[in-house]
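Record features (TrEMBL):
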DOMAIN    5-59  domain 'Acetyl-coenzyme A synthetase N-terminal'
DOMAIN    66-446  domain 'AMP-dependent synthetase/ligase'
DOMAIN    512-590  domain 'AMP-binding enzyme C-terminal'
Amino acid sequence: MSDAYQEAHDLSLTDPAAFWGKAAEDIHWVKRWDKVLDESNPPFYRWFVGGELNTCYNAVDRHVEAGHGDRAAIIYDSPITGTKRTTTYAELKQQTASFAGVLADQGVTKGDRVIIYMPMVPEALVAMLACARLGAVHSVVFGGFAANELATRINDAKPKVVVAASCGLEPGRVIAYKPLLDEAIRVATHKPDRCVILQREQKPGDLIAGRDVDWAEAVSSARPHDCVPVQATDPLYILYTSGTTGQPKGVVRDNGGHAVALKWTMKAIYNMEPGEVYWAASDVGWVVGHSYICYGPLLHGCTTVVFEGKPVGTPDAGTFWRVISEHKIPVLFTAPTAFRAIKKEDPNGELLQKYDLSHFRTLFLAGERADPNTITWAQAQLKVPVIDHWWQTETGWAIAANCMGLQEFPVKLGSPTKAVPGWNVQVLGEDKQPVAPGQIGALVCKLPLPPGTLPTLWNADDRFRQAYMDEYPGYYKTGDAGFVDEEGYVYVMTRTDDIINVAGHRLSTGAMEEVLANHPDVAECAVIGVHDDMKGQMPLGFLVLKAGVTKPHAEVVAEAVKMVRETIGPVAAFKKALVVNRLPKTRSGKILRGTMQKIADHEEFKMPATIDDPDILPEIEDALKEVGLAK
Ligand code: COA
Ligand code: AMP
């Protein structure tokens with residue numbers, strides 16, 4: 001039996017410079033690196049120091065120069081608008097160079113930040129690649145966030161330019177992005193110089209004279225801009241993700257390590273060959289969209305799919321099969337929740353029978369725990385390997401996976417298989433020492449992390465240390481808990497912080513609590529994630545009202561729900577809250593969110609030894625029963 005996995009994994013840990021130095025040969029460098037790994041300033045590790053490259057060149061121009069200009073780079077498939085459009089690599093080069101020219105005309109140069117607020121249209125990729133072409137740093141903001149969240153990101157990233165679409169399309173409704181953008185800029189303390197607006201016919205936006213520029217008009221007069229070489233260690237993008245507070249964390253990605261690692265994963269993990277079509281059914285606003293809608297497939301010379309639709313309802317639960325069949329897609333990557341949604345609508349897979357999926361090879365799932373039922377259902381329907389893999393915005397690519405291009409292992413349900421080469425995954429107990437196989441503890445990764453992971457947080461080195469590095473010196477804290485079995489299979493069970501996962505979207509309950517606490521009638525509050533059959537988890541709020549509030553509880557709850565939607569956005573999916581008299585706490589005043597969640601999810605729990613007043617728990621249980629939760 002081949003030991004390709006073990007050999008690669010061993011080498012990646014014993015001699016990371018040799019392992020990644022070899023992988024880096026697959027990338028085009030303007031100047032070769034001086035050192036593969038600089039370990040002189042831990043925990044700030046740097047990859048390919050002294051090297052110069054351009055990520056856009058590697059993702060686009062390089063393929064055209066190699067004679068693949070006619071190959072499809074992007075397939076845009078939008079069941080919502082009824083549009084299908086293919087962009088070749090030659091066209092993508094021309095569009096990206098022109099849009100880089102537009103950005104340069106607006107004063108964007110190397111190192112400047114550009115915020116991109118766009119839905120799933122190919123222009124979102126063009127905007128990202130154009131920034132990379134100039135050496136500018138993009139920060140894509142997901143369309144499901146409200147103006148306030150966009151403003152927070154504008155204030156932190158301080159963009160010179162914002163690139164936005166006039167609208168996004170959700171099934172049955174048009175989301176006007178332009179008013180959200182205008183409101184975000186109004187409340188932000190930092191003001192971008194310019195906004196470039198892609199006018200979509202479903203809802204064009206009103207342009208503000210002197211500030212806003214029309215995308216199409218600007219492109220028509222732009223001079224194409226060439227690729228600007230950057231340092232391997234220069235930032236390519238910032239992607240904000242939920243932390244424990246309302247202030248999101250700006251995960252930084254560099255250019256060199258990112259290009260090397262992503263290109264390597266396309267073959268090693270996904271077993272893709274250049275020229276094949278790769279589909280990540282996610283959104284450009286999430287890390288999956290960055291790594292596997294935009295950069296990974298293009299760096300590897302694959303065709304990527306920009307899908308503007310949902311797994312169900314656009315128009316039905318057979319859409320995924322239609323797209324796979326029509327575009328001859330061998331590999332799909334999506335979140336388990338998408339499959340749960342399809343299973344709910346079409347439990348017997350009848351719609352699947354309408355399509356030829358004979359070329360389909362592998363389904364990859366990530367973004368949340370893949371429950372065994374979903375995996376076995378997908379296996380039974382598709383009759384191909386269903387591969388769970390575990391990763392995070394911070395890591396940019398998988399920490400644990402079944403590396404299909406290296407060596408396939410038998411799937412164990414509930415496990416994303418083994419640590420990917422580059423990753424030294426350990427499980428530490430409360431004493432911060434490794435625990436025995438099979439024992440649950442904190443999942444951590446021994447430093448240095450492989451290339452393509454986060455070198456730091458944007459303008460927040462201290463927060464980087466404190467959030468990820470301080471608790472377990474010498475290790476990166478993933479924030480997940482789980483175990484590793486005797487055979488090295490990793491199991492990811494739960495988060496150790498207040499982050500919840502709703503429909504594959506990572507959300508901070510702390511951020512929701514911050515919003516609820518601003519309601520004038522709320523004295524105290526807590527938000528927990530409760531089990532949901534389709535979305536995995538759903539947020540649930542508990543509100544303790546101020547003394548003397550006589551307003552009907554339903555009214556306060558409706559206002560609270562509206563506040564979260566307006567402040568964080570519809571993606572928070574905050575729809576339920578309960579009014580209670582008191583919250584269970586420890587004697588030191590910490591709210592016992594974990595215990596509340598266990599009661600709601602019918603899980604066994606131990607009465608916390610530190611609980612201040614055990615009599616509160618039955619009250620919580622009664623309140624949960626009233627809304628159909630708890631036993
Ligand atoms: N712009 C504006 N609003 C958005 C949005 C966007 N880009 N994305 C989602 N929303 C809105 C939805 O319309 C919904 O609004 P509503 O409360 O008015 O119905 C709300 O945010 C919650 O969205 P979501 O949690 O996605 O629920 P849904 O019912 O619309 O769809 C699924 C459920 C399972 C079909 C959908 O979540 C899905 O396809 N998930 C795949 C997850 C995924 O791609 N994850 C990325 C990591 S791999
Ligand atoms: P995000 O940063 O949005 O990608 O979310 C990362 C978090 O999602 C991880 O820390 C996990 O809690 C969860 N997650 C992602 N993939 C998996 C998986 N395959 N199994 C279990 N949890 C996962």
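Just so you know, the numbers here start at 1 and follow the chain as drawn.
Every residue, even glycine, has its Cβ placed from backbone N, Cα and C.
Keep in mind that TrEMBL annotations are predicted by a computer and have not been checked by a curator.
Secondary structure counts, DSSP: the domain 'AMP-binding enzyme C-terminal' (512-590) has 23 helix, 27 strand, 29 coil. For the domain 'Acetyl-coenzyme A synthetase N-terminal' (5-59), DSSP puts the residue distribution at 26 helix, 11 strand, 18 coil.
Summed and averaged per residue, pLDDT over the domain 'AMP-binding enzyme C-terminal' (512-590) gives 95.
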